[in-house]
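Working notes for the structure below.
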Amino acid sequence: MEIELAKSYGFCFGVKRAIKKAEQIKDAATIGPLIHNNEEITRLWKNYNVKTLNDISELSTEQKAIIRTHGITKQDLEKLKQKDIEIFDATCPFVTKPQKICEQMSKEGYEVVIFGDENHPEVKGVRSYVSTKAYVVLDEKELFDIKLPSKIAVVSQTTKKIEKFMEIVNFLMLKVKEVRVFNTICDATFKNQEAINELAKKSDVMVIVGGKNSANTKQLFLIAKNYCEDSYLIENEKEIQKEWFSGKEKCGVSAGASTPDWVIDLVLEKIKEYTKIN
């Protein structure tokens, strides 16, 4: 069986930057997981004593705090600054961008439509910078019954599909007098999605590696599933089942933006081991 890696996969710029920062800082706490990958979070805790807290209120004896790649809310940032603690900001610059846009557009009197999951930490952070009114939606249908203002700015969660973003933008262009559109979907997301789209079309089994709480990884899985019915989302090599590859000729492999190379390598080794048996 042939195994092919997607042309673009794995660690993005923002995640690489955050991991490097955490390894250099050491002996620190992050507010929420630094990235959405349990394997890497465990490695940082064991090797660098970087632990994960659920909330700022859990900070006690820690001397250093790292802000997660997804960012935190404006209000939580203010709370953190009031603590007697050294702060290191690992927010991805691609996430900081929509935060700044929302803050500026609000000052100019625009209400803001955010394409994203309202429960995702990145979206919570971005929304907190809107001082007018924010509408968080996953579909243009959610805007049908809303009385929209004459001025709207539109941003997206960085890991969403560009096609869906455009559907929302097109709807608003027909309904609102003035629409300011900011494409805040990051380049790595676009490249990874494009690559898995291409690979899934020519594979008869797909394995996507990444955190099951990772938005970008789940998006890759959905794209793969659309073209390859036998697509599987796993966090590590232990979840792989050899039956997946029975009678298959080509296995495509991709990974989310928070998935480290060492995890991907273990997955590839396990697939090779199982396909030798077949």
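In case you wondered, yes, glycine gets a Cβ from its N, Cα and C as well.
As annotated by Swiss-Prot, [4Fe-4S] cluster binding site applies to Cys12, Cys92, Cys186. The dimethylallyl diphosphate binding site feature in Swiss-Prot is assigned to His36, His70, His120, Ser214, Asn216, Ser258; the stated evidence is sequence analysis. Positions annotated as isopentenyl diphosphate binding site by Swiss-Prot, on the basis of sequence analysis: His36, His70, His120, Ser214, Asn216, Ser258. Per Swiss-Prot, the feature (2E)-4-hydroxy-3-methylbut-2-enyl diphosphate binding site maps to His36, His70, His120, Thr158, Ser214, Asn216, Ser258; the stated evidence is sequence analysis. Summarising the annotation, Swiss-Prot assigns active site, proton donor to Glu122.
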By CA-CA distance, flag whichever of Cys92, Glu122, Thr158 among the recorded positions is nearest to Asn216 (dimethylallyl diphosphate binding site). Thr158
Candidate binding-site residues Cys92, Thr158, Cys186, pick with smallest Cα gap to His70 (dimethylallyl diphosphate binding site): Cys92
Give me the Cα-Cα distance between Cys186 ([4Fe-4S] cluster binding site) and Ser258 (dimethylallyl diphosphate binding site), rounded to a whole Å. 14
Cα-Cα distance linking Thr158 ((2E)-4-hydroxy-3-methylbut-2-enyl diphosphate binding site) and Cys12 ([4Fe-4S] cluster binding site), given in Å to the nearest integer: 12
Counting Cβ neighbours within 10 Å across all chains shown, tell me which of the binding-site residues Asn216, Ser258 comes out on top. Ser258
Do you know offhand how many angstrom separate Thr158 ((2E)-4-hydroxy-3-methylbut-2-enyl diphosphate binding site) and Ser258 (dimethylallyl diphosphate binding site) by C-alpha? 13
Compute the mean position of the Cβ atoms of Cys12, Cys92, Cys186, which form the recorded [4Fe-4S] cluster site, and then list in sequence order the other residues of that chain whose Cβ is within 8 Å of it. Phe13, Gly14, Val15, Thr69, Pro93, Phe94, Val95, Thr158, Asp187, Ala188, Thr189, Ala257
Could you tally the C-beta atoms, other than its own, that fall within 10 angstroms of the C-beta of Cys12 ([4Fe-4S] cluster binding site)? 27
